[in-house]
Amino acid sequence: MNPPSTTPRGNDRAVLVIGVLLFGSLCAALMQSLVIPIQSELPQLLDTSVSNASWVVTATLLGGGVAMPLVGRLADLVGKKPVLVTAATILVAGSLICALSDSLAMVLVGRVLQGIAMGYIPVAISMVREVAPPQMVNGAVAGVSATLGVGGALGLPLAAWIAQDHDWHALFWVSTVLPVAIALLSAAFLPNTHDAHPGRIDVVGAVGLAVGLVGVLVGVSKGNDWATTGAGARPRRSP
């Protein structure tokens, strides 16, 4: 691909692209902590146990943990712009599913999709390296990288403020509108920066990673319940 332009017009274009990538990455990162302010209410809201309700938070981290190593390779194969637009669209779908759901199962599906959409962030970092002028690269990369932490931190007060006066579904309606804007902006302003890289995605490795993460997280969330059940079922010894 051609090196980033250093003309004023080229710099203006780069700033616009970096702004879109920052906005998209920040919104994707917000999903991490979106439901934490209402976590204590989730068992009642979703008619489930406390340990099951904890998966509403964990599911997003799981989706992100599996997706992030894969999206970079996918972007190499099909191009960064299509992957970024698709990630934003997946975020819309996940948020919409949660906004329309009252059952734990469907909310978990939506939250996993929201986590998968966090793959937007590493691809955005990669695109910034390609489009930013040399004097802007370090700052722009640092800014997009920081959204992972900043977004999670901003999500807490924002979600608490929304949940204070509105039904919990409002959290997801807000998180539906934002990625619609991200998808449109990404489609309109992000450049096509695809350099062909032959190869394939390691599907077996991805499945293994997902299974391993699920196994660890199930053990963490359910271990105490299983230990309690096992202790209660253990027969007492005769004196």
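Placed from the backbone N, Cα and C atoms, the Cβ positions cover glycine too.
Annotated domain 'Major facilitator superfamily (MFS) profile' per TrEMBL: 17-239, in sequence order. Per TrEMBL, transmembrane segment is recorded for 53-71, 83-102, 108-128, 140-164, 170-191, 203-220.
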Fill in the blank from the handout: Over the domain 'Major facilitator superfamily (MFS) profile' (17-239) the mean pLDDT stands at 84
Exercise for the section: Counting only CB pairs under 8 A, let me know which of 53-71, 83-102, 108-128, 170-191 has the most with the transmembrane segment (140-164). Expected result: 108-128
Practice task
Determine which residues of the chain contact the transmembrane segment (170-191) at the Cβ level, with the cut-off under 8 Å and only residues 6 or more beyond its ends counted.
Solution key: 16-17, 20-21, 23-24, 27-28, 30-31, 34-35, 38, 80-81, 84-85, 88-89, 91-92, 95-96, 98-99, 110, 114, 117, 120, 127, 131, 159, 162-163
